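Engineer: Take a look at the following structure, please.
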């Protein structure tokens, strides 16, 4: 029986991560460090003997570039890939493009903290984490998971908050639990699933 392999990786450091800006659906590329992180992710996966049958990513450059660099390291540059905005980062609305310190100065530290760290309170014109999960989860269940369960070795390169949606389901986390989960840039997480789609094993390639 073929293995049910699912690997999740957050994009490498972006130019706006470096500048401490709210990014969301804005589209900066990777920094030099981000490029290095993505290549290292590919090398780590190769060292574990992994190759893939299919990949998924968002409509944003930083995730697509990360995926390309990983696949180049794996010697799989032509891997079939689906891109979909369901995997885009959380939309930060009016916060997008603002320095996080400037946002605190404008709205107050407590309000910005609520927007960033609550489960269901969106910033003006943007999405809450709950909203982000509401678009990412159906895509995972309908488009990604069926292939994994058929034995397609699957790689997903996306964003901190859209990946939280997948992790919330995989690890059966509560809203409070997923809020506490931080995802490092460019670090693959390897899941192997049981036939009922629950997690058989998990390996985080941090470090």
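The backbone N, Cα and C atoms fix where each Cβ goes, and this holds for glycine too.
Pulled these features from Swiss-Prot for this protein:
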| type | residues | note |
| --- | --- | --- |
| BINDING | 10-17, 23-24, 62, 89-92, 100, 116-117, 160-161 | substrate binding site |
| ACT_SITE | 11 | active site, tele-phosphohistidine intermediate |
| ACT_SITE | 89 | active site, proton donor/acceptor |
| SITE | 159 | site 'Transition state stabilizer' |
Engineer: Looking at Cβ-Cβ distances, which residues of the chain lie under 8 angstroms from residue 24 (substrate binding site) while being 6 or more apart from it?
Structural biologist: 89, 90, 91, 92, 93, 95, 96, 126
Engineer: Sort out for me which one of 10, 100 has the most neighbouring CB atoms within 10 A, since those are the binding-site residues we care about.
Structural biologist: 10
Engineer: Which residues of the same chain, at least 6 positions away in sequence, have a Cβ lying under 8 Å from the Cβ of residue 16 (substrate binding site)?
Structural biologist: 22, 23, 26, 28, 97
Engineer: Residue 159 (site 'Transition state stabilizer') to residue 10 (substrate binding site): how many Å between their Cα atoms?
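Structural biologist: Residue 159 (site 'Transition state stabilizer') to residue 10 (substrate binding site), Cα-Cα distance: 5 Å.
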Engineer: Could you check the recorded positions 11, 13, 89, 90 and say which one's CB has the most other CB atoms within 10 Å?
Structural biologist: 11
Engineer: Here the recorded positions are 159, 160; which one has the lowest number of other Cβ atoms no more than 10 Å from its Cβ?
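Structural biologist: Sparsest of the recorded positions 159, 160 by Cβ contacts within 10 Å: 160.
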